[in-house]
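Taken straight from Swiss-Prot:
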- 24-44: transmembrane segment (TRANSMEM)
- 46-66: transmembrane segment (TRANSMEM)
- 96-116: transmembrane segment (TRANSMEM)
- 117-137: transmembrane segment (TRANSMEM)
- 156-176: transmembrane segment (TRANSMEM)
- 184-204: transmembrane segment (TRANSMEM)
- 209-229: transmembrane segment (TRANSMEM)
Amino acid sequence: MKNLLPFLTRVPIKGDFEKVREELWAFPLVALVSSALPTLVLYLKLPLSNVLAVLALYFTIGLLHLDGLADFADGVMVKGNRERKIKAMKDLNTGIAGLFAVVMVLFLQVYSLQLVPFYAIFLAELNSKLAMLLALATRKPLGQGLGAYFMERMNSGQLLGGFIFYAILLVPVVVYEQNALVSLLGLAFGGYAIKVALDNFGGINGDCIGAIAEITRAGTLLVVAFAGAYLGG
């Protein structure tokens, strides 16, 4: 996991980028680090804790995934064939679709965090990291960028390892609060985002993976918020 942290977070430790793709199974473990600061903010119930928690999250993980979300949305929403969509996604200028997607994801997270228990951000990050692993497991790269680089070493063993660590990290939260199981529904957002990427672009690149991570996290928080508000979760 040491090699993954500098890639998926802003934690100032040294890692070997060449070894990152050998540790894909550890994606879920990164959630322990990426969610630590925002979870603490929520636990302490600080004023405007929902806003501060989102700021703490992006302070930890950076804005790379949000940038990918913007590019992804621009590509998905443009009209035309697959080549035109890919061109729009790779355009350096952010369009209105990308801006809207980023604003909506931030809004959903900030609003949902008012309605969820303090550990929900950990569950959301756990789902987010697993969804990234599932995206790599498609082994359908778009171009020769980071997505293709990681997919070269993606295999059933790495995927199984990721699921095992996902379960190991989820179980203690469920023991603490059984209703935490509802967070599993958040993975549906990730699955849908993967399908959208494949349908629109025919493959998955780094921008798609970042978008999948953001959509899954926001979707998970939304599910947990609805469960808490309407189902007594």
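Going from the start of the chain as shown, residues are counted 1 onward.
Positions of Cβ are set from backbone N, Cα and C atoms, glycine also.
Proximity of the transmembrane segment (24-44) to the transmembrane segment (117-137) is established through 3 or more Cβ-Cβ distances under 8 Å for residue pairs spaced 6 or more apart.
Counting Cβ pairs closer than 8 Å and at least 6 residues apart in sequence, the transmembrane segment (96-116) and the transmembrane segment (46-66) reach three or more and so form a contact. Nonlocal intrachain contacts for the transmembrane segment (156-176), taken as residues 6+ away from its ends with a CB within less than 8 angstroms of a stretch CB, comprise 24-29, 31-32, 119, 122-123, 126, 130, 133-134, 137, 183.
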